[in-house]
Amino acid sequence: MYINFPNINPIIFSIGSFKAHWYGFMYLISFMFAVWYGKKSVEKKNQIKINIENLLYIIFISSCIGGRIGYIIFYNFSYFSQNILCSLHIWEGGMSFHGGLIGAIIAMYYLSLKQNVKILKISDFIVPLVPFGLGAGRLGNFINSELFGRIAPNFPYAFLFPNTYKEDLKIVSKNPELQDILDKYGVLPRHPSQLYEFFLEGIFLFFIIYFFTRKKRNTGSISALFLISYGILRIISEFFREPDPQIGLLKNIITMGQILSIPMIIIGVLYVNLFIK
């Protein structure tokens, strides 16, 4: 009835103490693809006069740093404040998109000053490349069997993730009717929310931006579309994603991801109404 989580080793290979993880490999592939697509876009549209590799490298590094810091602050500050060295274990997962966005904005602001280019021109160029990283990150989450979805006992294509037992016990203690399912399968069936987000925030968002950018747009409109679209898609996907156990549902209603996405939508809508005519 349900789908067993595929037996995927999160480590691709190891040489001595060095271990290559799928999670990091996904981001590497997305970066390489973004460089290729970015060069192709510049050649076709002649958007900006900045070295593409340097631009993407700086923004990529800044977004990774921001993503890690954002995760620490927004999602698990109490743990990392007591385990500071664990903050460096990026290969184990634990990145915040919203933190990464802040890091990318800081990098773009720096580059805009250094290269004397409007920051919105840089962001309009970068935005179509972002879904590559988002999609890659979600596939990495799936391989790591992390950020799994909420329980879905009535969904025949729900996944049986191998590392949800502790959380499932807490759920069964409050919902004893699920005990039989837990006894039979060992874990509770859940939505593969990582795959939902891969399709929504990766593939679907890419095509939204792709078709929008086929025509010449006012400066900032592509960035505004991204803020609005991602914010909406993230809020939707969060309804299928298990809230982080250390936070849960804030006020028993809303997730941290949804809270952080609301300002994105507001800023995008305000920019469209105030500056794009």
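Including glycine, each Cβ sits where the backbone N, Cα and C put it.
Quantities reported herein were computed from a predicted structural model and do not represent experimental measurements.
The transmembrane segment annotation in Swiss-Prot covers 11-31 (among others), and the record cites sequence analysis as its basis.
Positions annotated as transmembrane segment by Swiss-Prot, on the basis of sequence analysis: 55-75 (among others). Tertiary proximity for the transmembrane segment (55-75) is limited to same-chain residues at least six positions away from its ends with a CB under 8 Å from its CB atoms, namely 27, 31, 34-35, 38, 48, 87, 90, 94-104, 106-108, 110-111, 122, 126, 129, 133, 244, 246-247, 256, 260.
Taken from Swiss-Prot, the feature transmembrane segment applies to 93-113 (among others), supported by sequence analysis.
The list of residues near the transmembrane segment (117-137) in space but at least 6 beyond its ends in sequence, with Cβ under 8 angstroms from a Cβ of it, reads 26-27, 29-31, 33-34, 37-38, 41-42, 47-50, 55-56, 59-60, 63, 95, 97, 104-105, 108-109, 111, 197-198, 201-203, 205-206, 209-210, 213, 217, 219-223, 225-226. Residues or ranges marked as transmembrane segment in Swiss-Prot (evidence: sequence analysis): 117-137 (among others).
Nonlocal intrachain contacts for the transmembrane segment (192-212), taken as residues 6+ away from its ends with a CB within less than 8 angstroms of a stretch CB, comprise 3, 127-128, 130-132, 134-136, 138-139, 141-142, 146-150, 158-159, 222, 225-226, 229-230, 233-234, 236-237, 240-242. Among the features that Swiss-Prot reports, transmembrane segment is placed at 192-212 (among others).
Annotation comment: Swiss-Prot describes 220-240 (among others) as transmembrane segment, evidence class sequence analysis.
Under the heading transmembrane segment, Swiss-Prot lists 256-276 (among others). Only residues 6 or more beyond the boundaries of the transmembrane segment (256-276), in the same chain, are considered here, and those with a CB under 8 A from a CB of the stretch are 74-75, 96, 98, 101, 218, 220-221, 223-228, 230-232, 234-235, 238, 241, 243-244, 247, 250.
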